[in-house]
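Features reported for this protein in TrEMBL:
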- B:4-29: domain '2-thiouridine synthetase TtuA-like N-terminal LIM' (DOMAIN)
- B:53-217: domain 'tRNA(Ile)-lysidine/2-thiocytidine synthase N-terminal' (DOMAIN)
- B:G56, B:A57, B:S58, B:D62, B:V88, B:G150, B:D155: ATP binding site (BINDING)
- B:266-296: domain 'Cytoplasmic tRNA 2-thiolation protein 1 C-terminal' (DOMAIN)
Amino acid sequence: LAAAALWDVLGILLGGAELLFDGVKEHHVTLPSQSEPWNMKQLLVWIGQNLLKERPELFVQGDDVRPGILVLINDADWELMGQLDYELQDKDNVVFISTLHGG
Amino acid sequence: MPIQCSKCTEQRAVLKRPKTGQSLCKECFFIVFEEEIHHTIVSAQLFKPGETVAIGASGGKDSTVLAHVMKVLNERYKYGLNLMLLSVDEGITGYRDDSLETVKRNQEQYDLPLKIVSYEELYGWTMDAIVKQALDRGAKLLNVDKICTGHNADDLAETVLMNVLRGDIARLRRCTSISTSSGGEDVLPRCKPLKYAYEKEIVLYAYFKKLDYFSTECIYSPNAYRGHARAFLKDLESVRPSAIMAVLHSGENLSIKESVKMPVQGTCGRCGYISSQALCKACVLLEGLNRGLPKLGIGKHHRLHEKLLSQQPLSNAEERKLKAVDF
């Protein structure tokens, strides 16, 4: 029996990235149930369709995050976690920090 | 499966270093990041004991990290520096108000004296322009020996690229130098302790240390050309992170043919500040505002400088181009 698992994810946007999301920094989201676990690649598509408010080209590039936006999963660099292939766990915490804004 | 820190081999790694590919835990990252900046400072002999050093503070990530690290290293290695924060209030509502609030909090958090100089104080006008000159003049009011700024490796690589794209050989030659000596009595020596620090590490250092910084797009900053150079470098970095250091290295080691003519760095005919043109940028801006020609300070109008210096009127055709656009 396929578990009707829910993926509750906390997304946090910093460094100016929040400006593309109506200025909202914290997003508690419950991802729709699916048979396979959600991965980061799917999460980005979902964010693009459901949360991103303006100028998507400043956040995503192709099916990846735009270069210059840092991603942390549970407070660790996603480059250590498989990046787009990382499979999300329930209650994961994902932080996007833009470095493209003023220093 | 969490990855272990490659240095202490005990803690969980929190970042992959763009410079080396190493995986480090939080504590080892803090140490490595600070020690590299210490190494930069010592090997380039940026400071002498007893100096008063102003940290150019904007409230942004780079200057906030710079202020924090300078404070830590000055205490840890007994540099004997008298540190202070120096900010320029450009009078941009919203942007500057918030960033100055951040600097004011930094002053308390780091226990460093803060001086905010406003353009009004310096020039009698409130507007966004020429922070560099304003910093110098502010620092002079405070008897500062040196100014350090938060320029990082990514900024410098971007500047190298911009100067190549513009064919600006004079700037290309000097843009990577870690410190500039005093250029006359009005200009203080400047240095860049974060020159070899990656932006990614600066941002993560600020994030993990929970430093208080301000980030929002400066309403005056979007510059399409620079934006392309920046995006291009970020694209390269995502394929090969060492690209940033490689561009910086190339810039540092270029040598210019002797047959290349360099512009002579002179002084402004009106105020005496360094300027490669007959009039410095600040004086041109002021002149433009006084004459009701606001666009005089934007773009290149060198050919008009002699006329401005000698107080001659401009022709109608010249004036038309420099007036504000009516809506």
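A Cβ is built for glycine as well, from the same backbone N, Cα and C atoms used for every other residue.
What TrEMBL says about a protein is an automatic prediction, not a curated fact.
Note that this is a predicted model, so its numbers are computed, not measured.
Each of the binding-site residues B:G56, B:A57, B:D62, B:V88, B:G150 was checked for a CB under 8 angstroms from a CB of chain A; the ones meeting this are B:D62, B:G150. Comparing Cβ neighbour counts within 10 Å across the binding-site residues B:A57, B:V88, the minimum falls on B:V88. The DSSP secondary structure for B:D62 (ATP binding site) is helix. For the recorded site, B:V88 (ATP binding site), the DSSP three-state label reads strand. DSSP places the residues of the domain 'Cytoplasmic tRNA 2-thiolation protein 1 C-terminal' (B:266-296) in helix, strand and coil in these numbers: 13 helix, 4 strand, 14 coil. Here the domain '2-thiouridine synthetase TtuA-like N-terminal LIM' (B:4-29) has Cβ contacts under 8 Å with residues 198, 200-201, 204-205, 208, 237, 241-242, 244-245 of the same chain, all six or more residues outside its ends. Reduced to three states, the DSSP call for B:G56 (ATP binding site) is strand.
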